Amino acid sequence: MTPIAPDLSQNIATTIYLIFAHNYIAFAYLTGMLVGIGLAIWKPSRFSLFVFLGFAILLFSFEYDKHIIEPLRNQTITSLVTVTPHYKVSKVIDALISEIFPVLFYTVGWGMVFTSIVYAGVKLGKHRHSP
C-alpha cells in the first residue's frame, strides 16, 4: 500500500471539512428526515409523517436558498420578459422567488415539525387521561 503524501492528506481533510461546513444544516435536516422515516417504519402515525414532511421541506428550503433561487429567477424573468421590458412583472417575480418562497418553505417546514410535536403531545395527554 502506497502512503498518501502529506499535502494530499491535508487537502483531503480540508475538503471533507469544507463539505461539512457548507452543508451542516442540510445534514441536520437529512437526519430529521431519516428519523421521520425510521419512526414511520417502526410505528406509522401522523407524527412520523409530519416529522418526515417537515424536515423534507426544510431540506428543500435550504437547497432552494443556496442553489435554486438565482438560476430560477433568471430563467423565469428571461422567459417571461422577452422584448419589451416589464418592470412590474420582473419585480413581482423577483419578490416571489427570492423573498416569499424561501420564507414560505421555511415556515411550512418548521410548522409541520411543530405540528407533529403538538399532535404527539395532545395524543399522549389523551392517552394518560383516559380511564
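Placed from the backbone N, Cα and C atoms, the Cβ positions cover glycine too.
The feature transmembrane segment is assigned by TrEMBL to 16-40 (among others). Residues 47-56, 58-59, 62-63, 113 of the same chain, all 6+ positions outside the transmembrane segment (16-40), place their C-beta atoms under 8 angstroms from a C-beta of that stretch.
Taken from TrEMBL, the feature transmembrane segment covers 47-64 (among others). With a cut-off of 8 Å between Cβ atoms, the residues of this chain six or more beyond the transmembrane segment (47-64) that come close are 25-26, 29-30, 32-33, 35-37, 39-40, 101-102, 105-106, 108-116, 119-120, 123.
Residues annotated as transmembrane segment in TrEMBL: 100-122 (among others).
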